[in-house]
Each structure stands twice: as structure tokens, then as C-alpha cells.
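*Asks:* I'd like to ask some things about the structure below.
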Amino acid sequence: MIRKIIGTLIVVLVINFFLPRLMPGDPFDFLSVEEGNVTVTLTEDQIEFYRAYYGMDKPLGEQFVDYVRRAITGDFGNSIYYNRPVRQMIIERITWTFALVVISLFVSCIIGTAFGMISAYYTGTKKFLDGMLIRIMTILSEVPDFMLGLLMLFIFSAKLKWFPLSGGATAFAEYDNVLEWFIDYGTHAALPCLVLILSSLGDFFLLGRQSMIAVLREPYVETAKAKGLSKRRVMINHVLVNAFSPIIARVFMRLGMMIGGAVLVENVFAYPGVGRLMRESVSLRDYVMIQGVFFYVAILVLFFNILADLIYKRTNKRGNHENL
Amino acid sequence: MKIYRLYLLLIIVLFLTYTIFGGNVHRVVTNDSLAAPSLEHILGTDDLGMDIFAQLCHGGGYSILLGGLSALFAVVLGTMVGVSSGYFGGALDRVLMAICDIITGMPQMILLILFGAFLGASYFSMVLVLALLSWTQIARMVRSRVIFIKNQNYMTYSNLFGTSFMTILLKHFYPALRELLSLSFIKIMSRSIVMEASLAYLGLGDPTSKSWGMMLNRAMAFPGIYFTPFWKWWVLSPLVALMGLILSLMILSKEFEVVK
């Protein structure tokens, strides 16, 4: 476990250092050209100055040592394009993504598990309902999230005008009270949230269903039924509680995955999350920012994977249904 | 269901032949740009006056070929790693599985963007990157299956007879793995197609190509796409085509699962 963590960290560090440096294009060339203009605005001296400022004139080995030192403290210095501290910008943007992902995972976990419970309950008896649910959920989990997002953007934002087209909040808006603030942020986040909910719904449904079917075969469920407990009581107090550990572990695993994976949805809705920052900095050749984003997101993913592992072990004391 | 498989095969072959032998119809710039669907242009034209139907046909083969190639690479690599890791065990197994763990533990989409930007997103590098990101699952499945077979009684006999590794591979492992591999092939193919389309949609794909993702990217970059009727054929047609392809592949993979 510990070896895996250290190995991943080293690989992340190495990839993170070399890939941006091997990328075609030069950030300072990019900076010195203004949009729609062919003249160069930075002089040779200025470029030299920037190169020295970011430590890119030093030999590669020295740069690497420097970089590892900065990575340990988490402070990557100033962004090349935005002229602001990378750490500050990433933390700002990650908050947006994090809020989006946490809300949608929470909702999707609840809805998915509820449907999973219904489906597991009717597995043998109402084949039609079970089959229909499985079909719908599988299709939902297969359709890529950004396509769902594009469709919704055109239907709900452009045609019906229920939701704003893009962004995370109205620019330069001033709010009189909390409700107004909430409505503005809520309507902006609604569609991206909905897309993320729908795209992870199928996963939770299938996992919950499978896990609950396994629990339903256990003898203690039979006992509970024999005691004359109501169906709802059996399903919630006995089946759901015992089937929940893989689901909660999956929530944390997906949390890490989706922070990086929300790139597309963020781009569709121009939501100011960390994925959009990554995409922007790639096209701006902002090495420092790319490194920062990749580093922080990779660390978060690793962290949540470990957390998922620990939670699964902690909640699943009996160690049954391991294949899930 | 047999008919369905034949039908899908026909579509794939049609797409591929068009992409490979179809020439450059999708690049021809006509005079009427942004035209609505008509008899001349079945799905209308884009802002440069290129026929959208021709682009759609070309992009289909592009996506299918890309997905197929990367899935092929991933399956071959995953099988090699899985078999050697499961059969030989020991230090080799530990190293290979550690590599697997590391690759699965990283944020895939961000890594894809990084690689896509770094490798310049040419066709072949895209195939390679997609394969590199998706072989780990197969390797792990193949490994556990191989370990299971290795511990069977007939394998002990087979070893006592001094069977060569190649024979074991072809006579014992291959038949047991065949269905698993074809299923993973379809799944990875569909995943690669989605990933390529995503990358192209972000504007990080091969800019000279005309894939479905690239069409979406161009359409969305068109100012005022939200307020004009153009999106009905320009955005919707690649979107529907992609969804159709992915759902068809999904149905195919479900069919394999049932057969298994």
C-alpha cells in the first residue's frame, strides 16, 4: 500500500516535470505575441529575464531538484500567463469543482442506490421493471457526459432559456440577500450538476443492485422476514445497511476520479473549475500552471483512493462479498 | 441478434471504406456556407461550406479505425503483461502489477490532455496514448484468469508431460481467454472513441482531421451557435452519430456477456 503510494507519487512528479518541457511551443514566445498580431512585443532581454525568473536557463538536473523542492511545499510560484500564484489560483478553482462534484455525487449516490434497492427487491418477481431499470441505467452510464451536457445546453439553455448558458455566476452581480446569491449560483450549477448526476447514476445503481442481491441471499435476511418485519424495515435496516460499504467506498473513489474527470462538463458549460483551468493553461503553454494542476489533482485522486480503501476495510468488517 | 451483428459489421465496413478510399469530398469548400439541409447537402453545410454529411461519413471511419487500433494494442499489451505476470509470478509479477496500479491511480482525463498536448495529437500517437491508458484492466483480468488455470489439475499433468510454454499458451490459455478478450476489445474500443472525441472537442485533437469530436469543436466555436438554427444539423448530427455508435457497441458487448 505504502509502496504503491510512493511509486505513484514519483511517477506523477517525473511525468509532471518532463511532459510540459517536451511539449511543442514556448510559453515566452506565446506571451510575446498578442492576439491577432504578428509583431513581437517582448525583447530578447525580456525573454531572457523571464527565463531566468522561472529558472528555465539552468541545467535540467538543477531544475528538477528545484521542482521537487517546490512540489513538497506545494508552492509552484507564479503562473506564467496569469501573473498570479499558482497555488492560490488552483485552490480557488478546485473549490468550484469540488462543490459541483460533491453535490452531484451525493444526489446520484442516493438516487442510484434507491433505484438499485427497488431493482434488487423485484429481481425474481417483476422481471420487466428490473430489466427496464437495468437497461436505462446502463445506457445512462455509457453515454459520455459531455454529449449529455451539450444536448442539455441546447435544449434547456438555448431553446427553453431556463438556465444560463455558461459560467459559474453572473459577472459583477451584487446580491441583496442570501437567497438571491443562492439562486444565481444554483441556476448556474444546475445543468453541470444534473449531467454529472446522470452520468454516475448508472454506476451506483448497478453496484447497489449487485451488492444488495448478494445480501438478500444471506440467512439473516430470511430471519428478519420470518420475524414478521415489514418489507421496508427489512430492506432498509437489514439489506441496505449491510450492502452499503462498497457503495460508500465507490463514492470516495469517484470523488477523486471526477475532480479530474469533470474537465469536459466544465468546458461544455464554461464552469470555472480546475478542469477548465487545465485546458486553458495547456493552450497557453503555461508550464507552471499545468504542473500545478496535474500535481494537485493527482494528489487528490491518490488521497481519495486511499480513503476509499480504508473506508471499505473499516465498514466491511466481516469481509464478505469481496468480489464487489 | 445475428442480423444485428451483420448490420453493425456492414456499417463499420462502409464507414471504413469511405474514410480510406473516399477521397476529399469532406474538405471541398462550396459557395453556400451554413446552408440548411437540402437535396444537394443532406445535412447542410458548415461555416466553410463543407458538406456535413461527407464529414460525418469520414469521421465515422476515423473514429472506428482509431478505436479499433488502440483497442487492439491495448488487448495485445494487456494479454502479454497479464499472462507473463500470472504465469511466471515472482518479482516480475510484482513489478508489472505495481505499474498497473500506478497507471490506474492517476487522473486519466488530465493525463490524456497532457499527453495529447505533448505528443501533438497526430493520429498514431493518439492511438498509442489511448492504448497505454487502457491496457491495465485487461492485464489484471487476464492475470487472475491465468492464475486460476495454472492451479488446475490438468495444468499439473501438462507440466509433467513437459509441455512447452507456447503450447500451454495456445492450447490452455487462449481458449479460456478468448471471450474475455473480445469483450474487452469492444469495451476499450468504445472508450477510446469517446476519449478521442472528448479530446477533439476540447480542441486538443489533430486539427487537420475531421473527426466527430473535431466537428463538435468547430461548431461550438462558431459565434452565435446558440442563437441560430444551425445547431440542429451542425451540432446534433455528430452528437447523434457518436451516441449511436457507442450505444451499438454497448449492445454488442452485452450480447457477448450473455453468450459468455
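Every residue gets a Cβ built from N, Cα and C, even glycine.
TrEMBL lists these features:
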- B:60-251: domain 'ABC transmembrane type-1' (DOMAIN)
- B:59-83: transmembrane segment (TRANSMEM)
- B:154-174: transmembrane segment (TRANSMEM)
- B:233-252: transmembrane segment (TRANSMEM)
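Looking at the shown structure, can you explain where the listed features end up?
*Replies:* Within its own chain, the transmembrane segment (B:59-83) is flanked in space by residues 12, 15-20, 22, 96, 100, 123, 126-128, 130-131, 134-143, 145-146, 169, 173, 177, 181, 184-186, 188-190, 192-193, 196-197, 209-212, 214-215, 238, 241-242, 245, which lie at least six positions past its ends and keep a Cβ under 8 Å from the stretch.
Counting residues 6+ beyond its ends, the transmembrane segment (B:154-174) has Cβ neighbours under 8 Å at 83, 87, 146 in the same chain.
For the transmembrane segment (B:233-252), same-chain residues at least 6 beyond its ends with a Cβ under 8 Å from one of its own Cβ atoms are 4-5, 8, 11, 36-37, 43-44, 46, 52-53, 56, 59-60, 63-64, 186-187, 189-190, 193-194, 197, 212-213, 215-216, 219-220, 222, 225.
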